[in-house]
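Q: Reproduced below are the annotations present in TrEMBL:
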type	residues	note
BINDING	A:H109, A:H113, A:Y130, A:D295	divalent metal cation binding site
BINDING	A:Y130, A:V131, A:S132, A:G133, A:G134, A:D162, A:G177, A:E181, A:N267	substrate binding site
DOMAIN	A:29-302	domain 'Gcp-like'
Amino acid sequence: MICLGLEGSANKLGVGIVKEDGTILANLRKTFVPPIGEGFLPKETASHHRMFIIKTIKEAFKAAKLGPKDLDLIAYTKGPGMGEPLQSVAVVARMLHQMWKIPIVGVNHCVAHIEMGRIVTGTQNPLVLYVSGGNSQVIAYSLGKYRIFGETIDIAVGNCLDRFARLLDIPNDPSPGFNVEQLALKGTDKLIELPYTVKGMDFSLSGILSSIEKKGLQMLKKKECTRENLCFSIQENVFAMLIEISERAMAHCEINDVLIVGGVGCNQRLQEMMGIMAEERNGSVLGMDQRYCIDNGAMIAYTGILQAKSGSTFKLEETIVTQRFRTDEVDVTWRKN
Amino acid sequence: MELISQGAEAKIYRTTFLGKPVIVKQRFKKKYRHPQLDSRLITRRLVQEARSLVKARKFSVLTPILYQVDVFNHSLIMEDLGKSTVTLKHYLNNNQQGQATPLLKEFGELISKMHNSDLIHGDLTTSNVMVKKIILKKKKENEKEIENEKEIEKEIEIEKEKEQEIEIEEIEKEKLVMIDFGLSFSSTNPEEKSVDLYVLERAFLSTHPNSKQLFDIVLKSYFENSNNKKKIMTRLEKVRRRGRKRSMVG
């Protein structure tokens, strides 16, 4: 079975072509990068996706050396995500489904990240830390679902780092988080105290942003610290919270391997810290690389195959998109306990 | 010192202190954390736990008796609850729901006692409540339950004077003891209290996947004893919906 996967829930447009066994035949991505000091809004993001999607699909076929006749399935991101961008991609998926008369299936974005992680790293049942611009969850598989053990009470980690970058006018190209990470490497000489809020297995990040806005920017003005120090401090603080939450979940579920997925998972410091914690528990962290951590079409295609094979495909009327689609709403029919 | 368990944050040892059997809870450094952040957190949690262990007792919530705080070694020396004491989590996994119901009701009561006095536990899970077996001495005739040894002796003395025969029977009862106050703090805010309950709800649903009913028993008992039922209930609904309603982009 060969599947074409289309992803566009946020500012990354992804087109992937994947085989049943997980072999990636093509995986192209076009990212919408807003100007410095701005975030990406639904309207511009949807425009961006509409502008590039057909061209990118053609390029993907070229890269995979395939044509529409070779496809068995089309998969698209049903949700969660931003409304307009999701819709702009779904429209194309529906069109191709009708044009080429190929079955279609809608996929949960979060589950796709998890399944991509599992197949790439070859792990069966790790604890999953899913951290991106829009999501921050600690997930473990239990009784037919990917259950959320801990999550953010307010904003996601990636969102927090993106907004922090905006406050400090850090560039958005290639991504704000990446630039924060590079600056942090040069700011290790001073750690600024920031709020640390863990509640059971959940955590809160909004206090950190307010603290940066009030205290951090002032300190910067008075030259009591540098931008690099702030980048370093926010990472050390936020990541420590994520590691703590993950460790609690690992102790609770009695799992020793942990998988980090989602855009923030590309951060080397986060991977390093998780690795130190996992090692102390005689476990390991299964790292991902940026081809799969960041939103992409291949993960949608692969998960589409899993869904189609263990269940059914969608009728046209079912091919909706939805902004809110919890990870634990999906029946993971392709995994047996 | 005998190491009996190691959690994510601390090692638990069994030993004796001034002739009494005790537990030593020693927090250790986390290597993944920046040393400054690490020592700040360890000290904060040690102090908060020590304070709350003592405070909670004032509100009729049983906690292990705190004997000593050692800030230098990041450890607390406290009462050993005994080898037959298990966590509520363990108890629920090994007993029928019917048997557990009175304990679940008691749990709800305990949380409301803490919240009524503005003490937020911060990490409510079924692993942080211990089920301790205690022996209750009961007078057979008038069914009066007396826990206190001294009171029993007194009663016996009084009855002896009356030259009446009295029969004492021993019953085994289970009482709940709250532990793990490292994340606790004080707050009058109904939001914090509802988040405290929400954390427990999620802990229940993730540990015992088919046990919404168990949590409902706890919650019902909580609200029956709460001094701010309406506000906290409304808040809890809001907090629950936040997870569902969150815009999950990216």
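Every residue, even glycine, has its Cβ placed from backbone N, Cα and C.
In TrEMBL, annotation is done automatically, which means it is predicted and not curated.
Predicted, not measured: the structure shown is a model, and the values here were computed from it.
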Q: List which of the binding-site residues A:H113, A:S132, A:G134, A:G177 have a Cβ under 8 Å from any Cβ of chain B, in sequence order, or say none.
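A: Of A:H113, A:S132, A:G134, A:G177, the entries that lie near chain B are A:S132, A:G134.
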Q: Please report the distance from the Cα of A:N267 (substrate binding site) to the Cα of A:D295 (divalent metal cation binding site), rounded to the nearest angstrom.
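A: About 15 Å separates the two Cα atoms.
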Q: Compare the Cα of A:D295 (divalent metal cation binding site) against each of the binding-site residues A:S132, A:G134, A:G177 and report the nearest.
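A: Nearest candidate: A:S132.
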Q: May I ask which residues of the same chain, at least 6 positions away in sequence, place their Cβ under 8 angstroms from the Cβ of A:Y130 (divalent metal cation binding site)?
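A: In sequence order, A:C110, A:H113, A:I114, A:S136, A:Q137, A:V138, A:I139, A:V261, A:G262, A:T327 meet the Cβ cut-off.
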Q: Going by DSSP, give the three-state secondary structure for A:Y130 (divalent metal cation binding site).
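A: SS state of A:Y130 (divalent metal cation binding site) = strand.
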Q: With Cβ-Cβ distance below 8 Å and at least 6 positions apart along the chain, what are the contacts of A:G177 (substrate binding site)? List them in sequence order.
A: A:G158, A:L161, A:D162, A:A165, A:G263, A:V264, A:C266, A:N267
Q: Under a three-state reduction of DSSP output, how is A:D295 (divalent metal cation binding site) classified: helix, strand, or coil?
A: coil
Q: Looking only at the domain 'Gcp-like' (A:29-302), report the model's average pLDDT.
A: 93
Q: In whole Å, how far does the CA atom of A:H109 (divalent metal cation binding site) lie from that of A:G134 (substrate binding site)?
A: 11
